[in-house]
Amino acid sequence: MASTENVYFILTKKPEWISFAKAGSIVYMPENKYISEMKKSPPPLKLRMCLMNYYSRIDYDLEANDMEQLCVEEVELLQALPDEAERLRCFRERHDLQAAMQLAIGTEVTVEEAGKKLRGIIHYIGPIKKASIYCPIPGSFFGIELQGPDRRKGYCDGTYGGERYFKCDKNCGVFTPFNRVSSLLPPVHKPSLQSERLELGDRVTCFIDDKFRYGMVLDLLEIGGQCFVQISTDKDESGKTGGEVRVPLEAVVKGELTAEGESMDVDTPPEADTDYLYMGLSLNSMVEVTLGEGNTYGIIRWIGKLPDRSETMVGLELDENKGVSDGTFKGQRYFKCPVKRALFVKLSSCRPDSRFQSTSSNHNEKMQPEDTVDQTDHSTAELQTVPPMSTEQVKQLLTGRMKGIQGHCNSCYMDAALFSLFSCSSVLDSMLFKSTTPQDAPIQRTLLNDIVNPLRSNGFVEGRHIMKLRQQLQKHGYSQSFTTDEKDPEEFLSVIMHHILALDPLLKLSAAGKVQESYCYQIFLDQNHRLVLPTVQQLLEHSFHSAGLKLAEVPSCLILQMPRFGKKFKMFDKIIPSLELDVTDLLSEGPQQCMLCGTLAQVECVDCFKDPLFSPTGFKVFCEKCSEQVHSHPQRRSHKPASLEIPKGYVGRKNPHTMIRDKMELFAVLCIETSHYVSFVKYGPNTEDWIFFDSMADRQGEMDGYNIPEVQPCPEVGEYLEMSPSELANQAPRDMKVGA
């Protein structure tokens, strides 16, 4: 396959299960397949790739987040480097790679050979090996004729492997990869970061699309020998919100080139007077300021005058790492905070934190009357969705204080359930668009437009929107205590899925030849089980076994309730979440493998299920031959194996190795302790990609105050799930860390 028909990537992380692949290896896949995969929504977490330079055309499923795409020219240059670590270093640092792309035949260069810098002229750029099915793009080398006093310090006359690529005298030529070559030509003059005297926090004018734009310097960068300025732009002349842009230094002018009478501020509140108590703001006030990317929140840590500034300025300690320093401005310290948390802006650019405005006084007074709640907000808006957050978006938008769903008045059951189902997964998005009755349509709109979409786009949902949903549920007669009392998440989800949206049941169970339907499954166990530290896989299998149940089909989403016996008794001290749930053996129909020899299973023995001789997971299914051997033992002669239903296409087949196991992936865990619900959500492909959500993590004020929700990275979950049962058994729940 021609190189132009492929797309190429470099691995930035070593795959855990492929020993011969390393960080720095180059992989590829057909371009048409890549385009097809990228059209999927959401894009796949893994891509099927071939390894370059490996003598096999086997495809491997590799994590999309562990690779970065390359252009063909980059592949050609990087392929000349045999060491993967050096290849990855050059890719990340970019300078040598960018410089090599500017080299041409006839360029005077220095080349590093045997630790010495030799002068020469480039006479050839290209491969010195032929392409193959295992290596569609061979490495591109530089053929250089050494000059002057460095003549005769080479090792060839322009030939390599019996093939001539250029002509020079004997021992005057070398072939070398790009990272050993440097141009002798003087670089094109470009302004340096130092010469422009720009500093973080400076106000600047930049030129974008032939128009003036204004903003503030967030960062100064040098990429590939060129200087860039990262700028948070203000609103443009049409009133549209700006954003963060990266502009070449030569397109940036320090200061604001404003027209007469034009206001140049970060946003557009009225001009401030010199009174430090502008809008009631003072030291330690919680405020928000509008930057290019939207609203940013923080606390005023300093108020005063800055050099060369006539207006009153404030130093903010931001909630997130969106600042430019640790409290210093142009080398002078004004306050102290973590790195990248400080931002200096005009006092007039600040306003009270709007997130607390609807909750800082009596919350119920801010709620809309129940008789008008259905007509507010998005009553006539077209239903549109925002996709779940990606791994990077979770890290940037969803973690921190005042993130997630703000709790209010016993709403934690609803907050945790909605956050678990919709923040990072689209598995139940269909319920947000399903046709419903005119009576219940406002509830669906509130759920989508006021809760799910803001959660995914902004990472935050105000408590008033949850209260609005609760008021709607109460008004429509589903419960008279939805606005005040704590509920079970299962009760809330049943009302939403079944009574309001009439969603098709997620779960279809087969029992005694009849199919039962449900939206979730409560695990029950008989009193004779021997489980001590069970996995969810074991609990589900034991529950199905004791109840005589099977799955009629694989559910799109499986909501499980763990076993419980009231508030005073827990059946297990700990339950281990199963990251994957293998439901193959739980299906009432479909081929299964003999648990002993792996051939097509023909019988199942429910009596063998609890036999300690067998593995603690999986239903006990056998082929005829293995069943006879197993039940020839005196202790099992009384067992009564039952025949399995074998699909017609598998009857008579001995080798079922082409069978696909039906597995489901865990994406959230909802927990309760002392009547308070929280959730752990899996947001990415890596074992450490977990977050912890608490809608009432903290509180500001007393009866007239408000709750502060928080989302924390929680990589410890991955650590605990990788522990052996004996290690986990020795962990004291109170000592186990929660949150980073």
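Glycine residues also receive a Cβ, built from the backbone N, Cα and C atoms like all the rest.
According to TrEMBL, the feature domain 'CAP-Gly' maps to 138-177 (among others). In the predicted model, residues of the domain 'CAP-Gly' (138-177) average a pLDDT of 92.
As annotated by TrEMBL, domain 'CAP-Gly' applies to 304-346 (among others). With DSSP states grouped into helix (H, G, I), strand (E, B) and coil, the domain 'CAP-Gly' (304-346) comes out at 0 helix, 17 strand, 26 coil.
Summarising the annotation, TrEMBL assigns region 'Disordered' to 352-373.
Sequence annotations record features per position, and here TrEMBL assigns compositional bias 'Basic and acidic residues' to 363-373.
Under the heading domain 'USP', TrEMBL lists 403-723.
Beyond the domain 'CAP-Gly' (138-177), the same-chain residues lying 6 or more positions past its ends with a Cβ under 8 Å from any Cβ of the stretch are 76-81, 103, 108-109, 111-113, 116, 118-131.
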